[in-house]
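Working notes, structure below.
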């Protein structure tokens, strides 16, 4: 497939430039074009009583976005990449998805300004659920909450040490294969599977051991495509009540730079709202997430 065309949908200017620099590094894996998109929500310039459409406000917002993007284009041109500026007014989710499909991008990049707590951004949630192409949810600087003092983190070289979380489904295989597009940027990869505590609660010790051995063997096989490419890799089999928390703790321990998952194929939104691993990671993670449909 390759990564030739990326759509960078910018909502948070605070993280946008750092995100752009990460995208530019993808030239090493074949990137040719970057589309810079900013969608001004219609409600910000919509009709108001006795005034109508806020034309001057719309012009101001579009011009400000254009100037910002023109400045960013300097970095894109330095890297000998093509750039396109797109500034639209409308529903951000609909516009982003429409443009991503229209220009046939290989990956969509969106931003996460801060940990959004229990209420994950509706835009982030809907975009990751509806997108037909892989979505990189990028966050440059977030705080990892500790009991005493928050620890600021900077996410750079995000493909250096990816953590690939798998349940061995077809979706996970697609995520694994898509991540291979970035092989020249990967120094080491970890493949992770978490057994939920409830799955072994009624098993005997020998049955648990068989289950663990079977999972380890599947992890080893799952990692093989990276080994064949000469990429250093390792596996981790965990156990816990909350798989998302187990994954996060492992990422922190190994100083991972990116969490990669396959998107649930059936009832994604429904599963998110009842507590899927993807939703929990979107809520909790101070790391970028790559979600592959």
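Placed from the backbone N, Cα and C atoms, the Cβ positions cover glycine too.
If you check TrEMBL, you get these features:
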COILED    55-82  coiled coil
DOMAIN    4-137  domain 'UspA'
DOMAIN    163-293  domain 'UspA'
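Remark: secondary structure over the domain 'UspA' (4-137) totals 64 helix, 33 strand, 37 coil, with classes taken from DSSP. Looking at the domain 'UspA' (163-293) alone, the prediction's average pLDDT is 90.
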